[in-house]
Amino acid sequence: MYRLDDRIVALATPWGRSAIAVIRASGAGCLEALDPLFRGRKTPSSMRGYSLAHGALVDPGTGEMLDEVLLAVFRAPHSYTGEDAAEISCHGSPAGVERIMRTLRAHGFRAAEPGEFTLRAFLNGKLDLTEAEAVHEVVSARTANAHTLALHRLEGRLRARIDAIKEKIASVVAEVEVQLDYPEEDVEHPVSAHLIQEASHEVDGLLATYRVGRLYREGVRVVLAGRTNAGKSSLFNLFMREDRAIVSEVHGTTRDYLEGWISLKGVPVLLYDTAGIRDGGDPVEAEGIRRTREILSHADAVIYLVDGTEGLSEGEEALIAELGAERPLIPVWNKVDASAVLPPPEGFIPLSCRTGEGFARLEETLHRVFPEAEGGGAEVVIDSERQRDALVRCRDSLEGGLDALSRGAPLDALAVYLHDAMEALGEITGEVTREDILERIFSCFCVGK
Ligand SMILES: Nc1nc2c(ncn2[C@@H]2O[C@H](COP(=O)(O)OP(=O)(O)O)[C@@H](O)[C@H]2O)c(=O)[nH]1
Ligand SMILES: [Mg+2]
């Protein structure tokens, strides 16, 4: 997979115009390699770790100045990657950054692959695998809650929980192995089955957090549906807290769909504003309606709006029942501010997109559709399929061990189950990891992380 003995470089900030851009470099000999490129009071290789220098970056070939920069030096092992490393803060001009990167690549540095800095940090023991994965989650968190949960993992809280479970299993393994190694002692020590039981419960507890973790990582899709002019685009704008969608009394104004992320009390929600469902209209609108149905089929929840001044149209009740049979559906009676509004039928939430009346209740109702959201304040949450699969294997091995114990199976059989359980936990933290797993984890990172 990746080479580890060379020097890598990447832009750590997004491409584009900005006041400052940060370029990151790491690898053995990286400071020496920067010496000919940096003009300042000191050479990078003579600087202490955690020190800064102001100077100019130059092209060593032509002597041409590339930018005025601030250079931060990190010395192994006290850097993010555990290697000698540098961070160059330069001006955030795409053309300038491109020139610097090109020069670095021509003078001893290789462009880093996605996640390569974090991979090196992991391989150098600076992070365990749960923390390395958390780096990615922190960077891509969409709401404050998702961010906090990822930070907890980055802090090592998941690793600490896993280590505590592993310790329990290890102490049983020790008991079993003593008896296996010294059978001649002939004293039957009972095995601490309660520790295996406890470990299994704790693994179950972590597994139960998977749905919470996934909810905060991936978010949910909520679709606004209803007939044309019901107020879907108005509600979309209310949720977005800005005028994103075009609102008008012309039927069929929204012909395609719009989507946008919102935070629903911390839960990332991808909200869709769709073309209204009605028969007729022109072919473009018909295509919009086909897409609406397509999006509806992937929705985690639907908010169905009815124009309260018009009331339910023919066949609409049947449509609401049909859509609601497949996923949670919240029926909403919109335009309650209008004088001509009809009384809302049973079960409809009264709403006015114009005045905002009923919006808080709608948000509350939508939030309750996702009961896992309550776990958002949890200390530790697992969120990757990889972690879940390993935990399932661990739990199954522990249960297998308990079963063997209760059947009076020989102790070696129990030892095998316990070792399997330990190994599954070791996979989560990265003590035992296959290359393909690492490849999969780090390849989804952004470059420069
Ligand atoms: N009085 C009143 N008019 C509304 C309300 N919500 C939307 N409208 C109006 O209804 C029309 C259609 O709204 P729009 O959001 O475009 O509906 P859509 O076709 O479902 O997207 C527009 O003229 C809006 O101003 C509301 O709560 N009260
Ligand atoms: Mg619309």
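Backbone N, Cα and C define each Cβ position, glycine as well.
All TrEMBL annotations are machine predictions without curation.
Sequence-distant neighbours of Arg24 ((6S)-5-formyl-5,6,7,8-tetrahydrofolate binding site) (same chain, six or more apart, CB under 8 Å from its CB) are Val9, Ala10, Leu11, Ala12, Ala85, Ala86, Glu87, Ile88, Ala112, Phe117, Gly448, listed in sequence order. In three-state terms derived from DSSP, Arg24 ((6S)-5-formyl-5,6,7,8-tetrahydrofolate binding site) belongs to an extended strand segment. Per TrEMBL, the feature (6S)-5-formyl-5,6,7,8-tetrahydrofolate binding site maps to Arg24, Glu87, Lys126, Lys449.
Residues or ranges marked as domain 'TrmE-type G' in TrEMBL: 219-371. Each residue in the domain 'TrmE-type G' (219-371) has a pLDDT score, and their mean in this model is 88.
Ser233 (Mg(2+) binding site) falls within a helical segment according to DSSP. TrEMBL lists 229-234, 248-254, 273-276 with the feature GTP binding site.
Under the heading K(+) binding site, TrEMBL lists Asn229, Ser248, Val250, Thr253. Taking a C-beta cut-off of under 8 Å and a sequence gap of six or more, Asn229 (GTP binding site) has these contacts in its own chain: Glu249, His251, Gly276, Asp307, Glu310.
According to TrEMBL, the feature Mg(2+) binding site maps to Ser233, Thr254. The Cβ of Ser233 (Mg(2+) binding site) has 24 other Cβ atoms within 10 Å, all protein chains considered.
DSSP assigns Glu87 ((6S)-5-formyl-5,6,7,8-tetrahydrofolate binding site) to a strand in the three-state reduction. Checking each of the binding-site residues (Lys126, Ser233, Lys449) against Ala275 (GTP binding site), the C-alpha distance stays within 10 Å for Ser233. Proximity to ligand 1 (Cβ under 6 Å from any of its atoms) holds for these binding-site residues out of Glu87, Lys126, Ser233, Ala275, Lys449: Ser233. Highest Cβ count within 10 Å among the binding-site residues Lys126, Lys232, His251, Lys449: Lys232. The CA atom of Lys126 ((6S)-5-formyl-5,6,7,8-tetrahydrofolate binding site) is located 48 Å away from the CA atom of Ser233 (Mg(2+) binding site).
When the binding-site residues Glu87, Ser248, Ala275 are compared by the number of other CB atoms within 10 angstroms of each CB, Ser248 has the fewest.
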